[in-house]
Amino acid sequence: MDRLKSHLTVCFLPSVPFLILVSTLATAKSVTNSTLNGTNVVLGSVPVIIARTDHIIVKEGNSALINCSVYGIPDPQFKWYNSIGKLLKEEEDEKERGGGKWQMHDSGLLNITKVSFSDRGKYTCVASNIYGTVNNTVTLRVIFTSGDMGVYYMVVCLVAFTIVMVLNITRLCMMSSHLKKTEKAINEFFRTEGAEKLQKAFEIAKRIPIITSAKTLELAKVTQFKTMEFARYIEELARSVPLPPLIMNCRTIMEEIMEVVGLEEQGQNFVRHTPEGQEAADRDEVYTIPNSLKRSDSPAADSDASSLHEQPQQIAIKVSVHPQSKKEHADDQEGGQFEVKDVEETELSAEHSPETAEPSTDVTSTELTSEEPTPVEVPDKVLPPAYLEATEPAVTHDKNTCIIYESHV
């Protein structure tokens, strides 16, 4: 019985390692199966977005890198679309040269080599593999730095500057034209009707110590009136145009000119000699010469010394004595006025009047009687004032006698 137990024990002991081996093999198989199953889970994954980027800001002219940021097993394939849904493709020839504007890498990077302002917008990355597809969108913003706006503003500034310059030049031309017209009008006035006649009349009045005729007075009055009228016209013309007040005080200037030539300022009086009993009350027959005007050293008594360099001129004075008719004498006594006429008008009235008591006597045609003074004609020299003063009382004794003085240069 003991032998049988020992034999069973010996038989059982060899079977234990076998069981351990069998269990070990079974455990190894299960582990292998579990490992293989885990490997299959890791290698077969759907693409996932590992990072999200909202927008990218790029300066115009620079390059831009846009990352899709998608991971998957196996590696997904990437496609890029712009904001209008157009698929971006890299041309083969550009890919071989390594150039081109759009460069797409296998890792999901989109490289825009030279960004323009028209490239702004949203870019969508589509990543796909055998397990699925995922999309990722990134917005590209471009900073506009092109020189077109600078050129635009430069053109606007040049146009504005040109307009301002044209307006200024037009205004200056209008001012210049206005001043030229004003100057031309003033010069034309004084050249035709102004200072020339007035100066001539007063030069004759200065050279002869008597008033020549009533026509000189009329000329002076007309000239003064026209001068003042032109001054008012120039003043109104200057006020009508919005220009600087260059000739606003033209009337004052004209009045000063009148004072210089002796029409406004009180000075020395020279009165024409009238017959006895006749009052020279008419103020129109009185000329005034200002005291401020001094005669020059010229022998011709000019207002300036210009005649010192000129040849001397001689003045001849012709005196005509004409008896008045009875009708004219009666009119003078009744009306109490004395009218002065020119030499030509007096001679014509004396020749054609049928009521004249006796014919007029002229120094060149008729000789006077011993009772009347002999008229004197000096063709080549100026009569001295003493001779004139000596002959005047003899002539003025007759109330019916009219004395006419005529001067010739």
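Quick reminder: no glycine exception, Cβ is built from N, Cα and C everywhere.
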Looking at Swiss-Prot, which of CYS11, CYS68, CYS250 bridges to CYS125 via a disulfide? CYS68
If you look at how Swiss-Prot annotates this chain, which of 92-111, 292-311 comes out as region 'Disordered'? 292-311
Packing count at CYS125 (disulfide bond) (other Cβ atoms within 10 Å of its Cβ): 24
